[in-house]
Structure formats: C-alpha cells, structure tokens
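So the structure is just underneath, and the comments pick up after that.
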C-alpha cells in the first residue's frame with residue numbers, strides 16, 4: 001500500500017513533536033505525518049530529569065552561555081550553531097510556558113533556575129526533576145490542537161526512498177499487524193534519538209537503537225563525530241537508570257569508599273559546603289567520569305556485583321529539599337536500589353548517556369541529501385562538540401526541531417510533487433524493501449546464530465573499545481569484531497514468524513542498523529589520534545588542534561565499507577583554549 005504526505009517526521013519525541021508543530025505553524029496547508037516506533041508519550045524525552053538551559057537573568061548573557069558550551073565541548077562545537085542555539089533557546093522555553101509547561105517557581109512566582117555542570121551562571125529551568133516528562137507532555141498537548149497532523153504510532157521505518165539524489169519517502173512496517181507501507185513525502189525529518197543501546201549499560205530506553213542514524217547512513221548521508229560518546233557520572237548500578245545531575249546541582253557530593261570528596265584531586269577545585277559553579281560536582285560530565293576511572297585504578301571505589309561504584313551523598317540536603325526538588329530521585333532510589341537517599345548513600349557509576357555525534361546537518365537541520373533533515377540527538381549540528389553540557393539537550397531539540405520543521409516546510413512547499421505518483425526507480429526501491437522485509441519475517445537462519453547473542457557481543461565490544469578511555473589496538477580489534485558480527489548477522493534466524501507485534505523481527509531490524517552505527521563509532525575513534533572531551537586515547541593523551549580541530553565525517557559506501565574524512569570546525573569568536581574548572 002502507498003500513502004503520501006508533504007512532510008513525514010520519523011520519531012515522536014521532543015524534537016519530532018517540535019518539528020511537526022513548527023511545520024503546522026509555518027504552513028498550515030502542508031500535509032504532515034509522524035511515524036513513531038512508540039506512542040509519543042513513551043518517547044525517551046520523558047526520561048530527561050534535570051532541566052533546560054536558557055539565558056533569562058539580568059546577570060547572565062548569551063555570550064557566557066555560548067562560551068560555556070564551546071569550552072565544555074572542548075572547542076569542537078560549531079560556533080555559528082552555538083550562537084544561534086543560545087539566542088533562540090530563551091524564546092523556546094518561554095513558548096513552552098505559554099503552552100502550559102509547569103516550570104518550577106520561586107516564592108515570588110518567577111521561573112526558578114538551578115546551577116548545572118560546566119555552567120558559570122544559574123540558567124537551567126526545571127520542572128522539579130521530571131523536566132523531560134513535562135516538556136514532552138506540553139508539546140504533545142500542543143500538537144493535538146493541529147488535528148490535521150496524522151500519526152503512525154507504533155510503526156517502524158525501515159528504509160528511506162531516494163529518487164535522483166533526493167529523499168522522497170520511506171518504507172515502514174506497522175508493528176501491530178506486520179503491514180508494510182510505502183509512505184511518499186516531499187521531505188523527511190529524522191528525530192529518532194540516539195543509539196545508547198549499542199552499549200550494554202546505558203540510561204537510554206530500549207527504543208534508542210540508532211534507527212535514524214542508520215536510515216540516513218544507508219541512504220548516503222554521512223555521520224559526524226560518532227566517536228564522542230558521553231558517559232554520565234551517576235547511573236544506578238545494574239539498571240543504568242540515571243540519577244540526574246540536578247542532584248549534584250542541589251548540593252549532592254561524590255564520595256569514594258573512604259568518604260572522601262575525590263574530585264578535588266582532579267583539577268576540579270576544592271570542596272565547599274554549598275555547590276560552586278563550574279567546580280567539583282558541578283564540573284563537566286567527561287571530567288567527572290574520567291575521575292571515576294582514576295579512582296577505580298587507585299583502588300578507591302567499592303566493588304559490587306554490578307561493577308565498581310562510588311557514592312552520591314544527599315543526606316545533608318534533608319527530606320524537605322529532596323521531596324521538593326528531587327522527588328523522582330528519591331522514588332528511583334527506593335524502587336530500584338531499595339534505599340532512601342534522605343538517610344543512605346546512593347551507589348553510582350558512569351553510564352552511557354548521550355551521543356554527541358549523529359547525522360551531519362547544517363544549522364537548519366538539512367543533511368547532505370536534499371529533502372532529508374534531522375534534529376535532536378539523531379543529528380549533529382554541532383553544538384555539543386566533544387562533550388555536551390547538561391541541560392543543553394532539551395533546548396537543543398526545541399531550537400533545532402523548530403528550525404528543521406521550518407526549513408522542511410519551506411523545502412516541501414517549493415518541491416511538491418505532481419499527482420503522477422512515484423517514479424519507476426522509487427517503486428522499484430519500495431518493492432525491493434517489501435520483499436526484504438518478507439524474507440526477514442521468514443528467516444530460519446543457519447548455524448544456530450541468535451539475534452540476542454550477536455547483540456550482546458556487539459555491546460561487549462563497544463563497552464571494551466569505546467569506553468571512557470580507549471586505545472588503538474582495542475579499537476582496531478573492535479572494527480574487526482564488528483565486521484565479523486555483521487557476517488554472523490547475515491546467517492542469524494528468528495523463531496517468531498507471526499505478523500502481530502513480532503518483537504523478534506523488530507529486534508532483528510534494529511540490530512541491522514545498530515551494527516552499522518557501532519562500526520562508525522569505533523572506526524571514528526580509531527582515526528582520531530588525540531584526546532578531546534569524551535574521546536580519551538591512552539596512546540594519544542593530548543589534544544591536537546593542529547590535526548584534529550575538525551569533525552569526523554563517516555560515509556557508508558554501497559558495499560558497506562566506510563570512508564572517513566574531516567570537516568573544519570566553524571570558529572566565529574572563541575579560539576581554542578584551555579578548559580578551566582574549579583578556579
């Protein structure tokens with residue numbers, strides 16, 4: 001079957017909903033659809049806890065927010081994109097206020113702000129510690145006012161259709177029925193989130209399998225800066241559930257097994273009773289996660305069945321503050337760790353959290369393929385560089401989701417197709433994909449290979465090779481191992497051949513793309529022979545601006561081989577310098 005829309009947004013999280021709203025606002029005459037693997041309110045945006053950064057205080061400035069972001073990203077951020085981001089973030093948060101987002105308030109009724117890691121001013125808006133949930137709920141309620149926006153909930157996009165170099169639609173499968181549909185579009189926007197599930201221990205929801213990255217990669221768009229994987233310093237052991245940075249912003253301390261605030265040993269300042277901006281627990285995430293590794297190597301972490309941990313101490317904050325500003329943290333600790341942070345230490349360890357890399361786009365979300373756009377964690381614009389600052393991701397998906405929506409609306413209005421229907425080339429692509437999906441559904445496999453085993457081996461390879469610290473030999477081995485996993489995947493089978501909610505088929509389709517994304521991560525890491533931000537090479541321990549002040553671009557050739565190149569970083573105002581914290 002075939003459907004047709006002017007614009008299709010793939011992904012129903014924060015970036016996808018904001019893009020769809022922007023399209024409806026820009027040109028109400030355009031036919032818009034959202035294709036989402038889950039119901040929108042189950043998207044991973046709901047898991048963002050801490051807040052959203054934007055300059056609104058008289059003592060703050062756009063330049064300071066931009067400089068914090070650029071230095072936090074170890075000077076790999078494109079500064080034109082950063083300047084656009086910080087300029088537009090305030091109006092996006094105010095717009096959410098007008099749409100009903102329940103931001104936390106000061107006693108005088110003004111919006112409250114909290115400190116966040118790497119920021120020199122208090123500029124992070126928050127809704128207790130459920131900011132992402134309230135943000136997404138507000139966007140979803142706003143979207144529902146545009147009744148003409150069609151939703152394909154619980155549909156999985158499997159390939160993009162390309163006609164004469166232009167993206168003109170996609171093929172998707174309905175999870176509830178197994179129905180395969182060709183969906184034609186004048187423009188497509190990818191908003192499918194990150195790819196944290198290529199790792200075994202992550203804060204990411206099960207749906208974050210790099211689908212949009214793989215779709216773009218296979219269609220011919222390059223991935224950018226994929227070696228930069230953010231490890232958040234405070235995840236609950238075993239589950240990987242995030243303990244928000246807001247816990248440290250409100251005054252939480254990180255302690256080693258001796259009860260010592262160990263961050264003072266890693267050039268992050270000296271301990272103070274109250275949180276100090278850009279110091280100690282409010283340093284950037286890459287530095288805090290690296291400090292954990294050093295503590296472990298010194299034998300100062302605590303061994304548990306789920307790996308080494310340190311402790312997050314919130315006891316001195318008291319029950320009233322925790323219940324007012326960190327209620328979800330207390331709930332998570334009780335439900336998943338069986339402890340009460342009001343009276344007990346919280347065990348934490350670094351956990352894969354966010355991809356700084358993604359589909360290469362310009363500041364309007366346009367990829368190198370005409371008709372294809374991307375926003376949110378799927379994209380790399382790049383405002384995050386080598387390390388994202390906490391509370392920048394939510395305003396990023398708002399700013400660039402809106403930009404991508406407006407740009408796609410303009411493009412679609414100028415490139416609306418006639419009623420002739422798809423070209424013969426597009427029809428052939430769609431038929432080929434439908435036949436492939438039918439074959440995947442009937443896979444019986446050879447040699448007993450299982451999808452779950454291949455996925456587990458991929459995750460183990462990524463954890464070993466693309467961790468907080470990396471080295472050349474391990475990355476080289478990882479490239480070879482993932483190539484072998486791709487060969488094993490080709491012979492794997494599935495047991496469930498039904499069409500109704502076939503989760504085994506979904507896992508197979510996800511893993512196919514995950515292997516491509518995983519290969520891009522380790523290949524990019526191998527080629528970058530320096531240490532910068534979240535990419536730390538023990539065999540190249542220094543930052544090398546002469547050779548690597550550039551974005552890594554990875555292209556996938558038609559035979560599956562990768563071609564790696566570099567794109568200079570855009571510097572407008574702030575030349576590279578030392579990252580200074582705690583002073």
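Cβ coordinates come from backbone N, Cα and C, glycine included.
Taken from Swiss-Prot as is:
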| type | residues | note |
| --- | --- | --- |
| ACT_SITE | 232 | active site |
| ACT_SITE | 248 | active site |
| BINDING | 11-15, 35-37, 43-51, 155-157, 211, 353-354, 377, 388-394 | FAD binding site |
| MOD_RES | 44 | tele-8alpha-FAD histidine |
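Here the features listed in Swiss-Prot are painted onto the structure.
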{"residue": "11", "record": "FAD binding site", "CB count, 10 Å": "34"}
{"residue": "15", "record": "FAD binding site", "CB count, 10 Å": "37"}
{"residue": "43", "record": "FAD binding site", "CB count, 10 Å": "28"}
{"residue": "44", "record": "tele-8alpha-FAD histidine", "CB count, 10 Å": "24"}
{"residue": "47", "record": "FAD binding site", "CB count, 10 Å": "17"}
{"residue": "51", "record": "FAD binding site", "CB count, 10 Å": "32"}
{"residue": "211", "record": "FAD binding site", "CB count, 10 Å": "25"}
{"residue": "232", "record": "active site", "CB count, 10 Å": "23"}
{"residue": "248", "record": "active site", "CB count, 10 Å": "26"}
{"residue": "392", "record": "FAD binding site", "CB count, 10 Å": "29"}
Just to verify a number: CA distance, residue 232 (active site) to residue 51 (FAD binding site), in angstrom, no decimals. 15
Just to verify a number: CA distance, residue 11 (FAD binding site) to residue 44 (tele-8alpha-FAD histidine), in angstrom, no decimals. 10
Starting from the Cβ of residue 388 (FAD binding site), draw a 10 Å sphere and report how many other Cβ atoms land inside it. 29
Work out how many Å separate residue 51 (FAD binding site) and residue 248 (active site) at their Cα atoms, rounded off. 13
Residue 44 (tele-8alpha-FAD histidine) versus residue 392 (FAD binding site) - Cα distance in angstrom: 16
Any idea what the Cα distance is from residue 388 (FAD binding site) over to the residue listed as 'tele-8alpha-FAD histidine', rounded to a whole Å? 18
